[in-house]
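Undergrad: Found this in Swiss-Prot, in case it helps:
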ACT_SITE  C129  active site
ACT_SITE  H269  active site
ACT_SITE  N289  active site
DISULFID  C126-C170  disulfide bond
DISULFID  C160-C203  disulfide bond
DISULFID  C262-C311  disulfide bond
SIGNAL    1-16  signal peptide
Amino acid sequence: MKVVALFLFGLALAAANPSWEEFKGKFGRKYVDLEEERYRLNVFLDNLQYIEEFNKKYERGEVTYNLAINQFSDMTNEKFNAVMKGYKKGPRPAAVFTSTDAAPESTEVDWRTKGAVTPVKDQGQCGSCWAFSTTGGIEGQHFLKTGRLVSLSEQQLVDCAGGSYYNQGCNGGWVERAIMYVRDNGGVDTESSYPYEARDNTCRFNSNTIGATCTGYVGIAQGSESALKTATRDIGPISVAIDASHRSFQSYYTGVYYEPSCSSSQLDHAVLAVGYGSEGGQDFWLVKNSWATSWGESGYIKMARNRNNNCGIATDACYPTV
């Protein structure tokens, strides 16, 4: 009788929630049993209601971005924050980029169009954002120096950049310390030779398959969006850290993201600033995330610029030297 009841419950789920069935199909969701599915459905419906109510504000012109169902829509915000972040604040560098010189003003910069940015990647349910931000910065600088865009191994950083560098694999890490590891190690392997696994594993670095090297890093003047803009324009893609803890970030879809309750000091996620511009009168930073192309604007987010360092985007920014 219990089996029949559960079967009927499953049929009822499918009939009553076509958006749920679409979500499961699109993202390949299979749950252990119907009890877990019922729980995930309730989470999904709660997120769906939040998204629909938020998007009404967007339609009324009260906010500058909208939300959508994505691969995180069956996660509570607490679960999302527990598994999808991983940034730890690193040491302040000896070298600091402070230039805000009067070079010809650029209203828009997009390093993707210049070939300095690899395709969007996916960290999975592993707190390795720090590794993706690190490789993104090195990939960009390596391209600008050599003319060759090489996708680099985040898995090597997850597996090998612990120990005296204090990174903790899928439990988080520091961009600056990861860069120091690459410098001291003599390089980082290519993605193709050391592919990503979204889990902690033993170190398998191979000096014969190094894709890029670096000599150190330079920090951006803390909290200065002006210095960050100049660095993004003149240097290339910049590793940045942000507060990505809010439900609005979890479900971001398109538009210029401004979150009034964002912190400029409590940062939990490392990403890559690859440009800047304006949209509908709103200045933004163009930011590459590591949550696959199904999140945001094909894996990117436009984050508010010149809004008092919203979400801390200029609080802890740096780039590698190569």
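Yeah, the Cβs are placed from backbone N, Cα and C, and that goes for glycine too.
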Undergrad: Where does H269 (active site) sit in the DSSP three-state scheme?
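TA: DSSP assigns H269 (active site) to strand.
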Undergrad: Take the C-alpha atoms of C160 (disulfide bond) and C170 (disulfide bond) and report the distance between them in angstrom, rounded.
TA: 12
Undergrad: Round to the nearest Å and give the CA-to-CA distance linking C311 (disulfide bond) with H269 (active site).
TA: 10
Undergrad: Considering Cα atoms only, can you say which of C129, H269, N289 is the nearest neighbour of C170 (disulfide bond) among these active-site residues?
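TA: Nearest in space to C170 (disulfide bond), counting only the active-site residues, is C129.
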Undergrad: Can you see whether DSSP assigns C311 (disulfide bond) to helix, strand or coil?
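TA: Assignment for C311 (disulfide bond) reads helix.
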Undergrad: Filter the recorded positions C126, C129, C203, C262 down to those whose C-alpha lies within 10 angstroms of the C-alpha of N289 (active site); answer none if the list is empty.
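TA: Taking C126, C129, C203, C262 one by one, the ones whose Cα falls within 10 Å of N289 (active site) are C129.
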Undergrad: So if I draw a 10 Å sphere around the Cβ of C311 (disulfide bond), how many other Cβ atoms end up inside it?
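TA: Looking across every protein chain shown, the total is 29.
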Undergrad: Consider the recorded positions C126, C129, C203, C262 and say which one has the Cα lying nearest the Cα of H269 (active site).
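TA: Sorting the recorded positions by distance from H269 (active site), the top entry is C129.
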Undergrad: Starting from each candidate's C-beta and looking 10 angstroms out, tell me which of the recorded positions C160, C203, N289 has the most other C-beta atoms.
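TA: Most Cβ neighbours within 10 Å: N289.
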